[in-house]
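Okay, structure first, notes after.
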Amino acid sequence: MIPIQLTVFFMIIYVLESLTIIVQSSLIVAVLGREWLQVRRLMPVDMILISLGISRFCLQWASMLNNFCSYFNLNYVLCNLTITWEFFNILTFWLNSLLTVFYCIKVSSFTHHIFLWLRWRILRLFPWILLGSLMITCVTIIPSAIGNYIQIQLLTMEHLPRNSTVTDKLEKFHQYQFQAHTVALVIPFILFLASTILLMASLTKQIQHHSTGHCNPSMKAHFTALRSLAVLFIVFTSYFLTILITIIGTLFDKRCWLWVWEAFVYAFILMHSTSLMLSSPTLKRILKGKC
C-alpha cells in the first residue's frame, strides 16, 4: 500500500501526461488537416500521422476514463470502455508499424528487385493499406468484444448460484481474450522491428559508403536519421513492453499501484508522441513558419 499523497501525485502526473498527448495529437490533426484542405494532397507519412493523431486522441481519452473507472470500481462502465481502449491501442500499434515500414521503403538503399517492387506497390496503394490496417484492427478486436460480453455476464452472475462448468468455460474464454490481444500487438511489433532493423542496416551501410574522413552534409543527415531511429526504437520497444505488462496485469495490485504504473507507461507514450511530431517535415515546416 502506498501513501495517499503519493497516489494523488502520480495521478496528477498521469493526467498532465495524458492532456499533453491529447494536445499534441490535436495539433498534428489540425495542422496537417489544414494543409490537406489547402493543397488537396498529403504525403503518405502525413496521412499516417493524421491517422495516428486521431487514434491516439481517442486512445488517450479512453485510457483516462478507463483508469478512473477501474480505480473507483465502476465495473459495468469499465467493461464498455475497455473495448474502446483495446481497439484504438491495436490501431495505434499498426499505424506506428506502417510509419516505420514507409520510412524503410522510402529511405533504404536496397536494390533487390523484390524490394523495389514492394516499394512501388506500397507507395502506390498506401491509402488502401491504411484502410486495411483499420479492417485488421476490427477483426482482431472481435475476441475482446466477446470477452467483454463474457465479463459482463460474469459480473451479473456474482450474486447468483453458479454453474461451475459454465463459469469455468467463461473464465477460460476470458483468458483467451488476453492472449488474442497480445498476439494482435505482437504482429505489428514484429513488423516494426523488421523494418527498423532493415532501415538501420541501410543507413549504416550508406554512412560507411560515404565516409571520406570528414563530415559532409549527407553523412550528417544519415547520422541524424540513425540517431532518431535509435531513439524511436528504444521508446517504442519500451512502450510495447509496458503495454504488454499492463495487459497481463499480474505483477501489481491494480488499485494500489495503478497511478504509479500508468504515469510510468504514459511517460514513454509521451516521448513517442513527441518524436512522431518531429518526424514530419511538413509539420515542422508549418510550425516554424508560425513562429
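Counting begins at 1 with the first residue displayed.
Cβ coordinates are placed from backbone N, Cα and C, and glycine is handled just like the others.
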Recorded membrane side (Swiss-Prot) equal for Met64 and Arg285: no
Decide whether the stretches the transmembrane segment (126-146) and the transmembrane segment (42-62) have at least 3 CB pairs under 8 angstroms, with pairs required to be 6 or more apart in sequence. yes
Across 42-62, 85-105, 183-203, 229-249, 258-278, the most C-beta pairs under 8 Å with the transmembrane segment (2-22) come from 258-278
Confidence summary (mean pLDDT) of the topological domain 'Extracellular' (63-84): 76
Which sequence-distant residues neighbour the topological domain 'Cytoplasmic' (106-125)? Criterion: at least 6 residues beyond either end, Cβ under 8 Å. 44-45, 198-199, 202-203, 205-206, 225
Mind checking how the topological domain 'Cytoplasmic' (23-41) divides into helix, strand and coil residues in DSSP? 17 helix, 0 strand, 2 coil
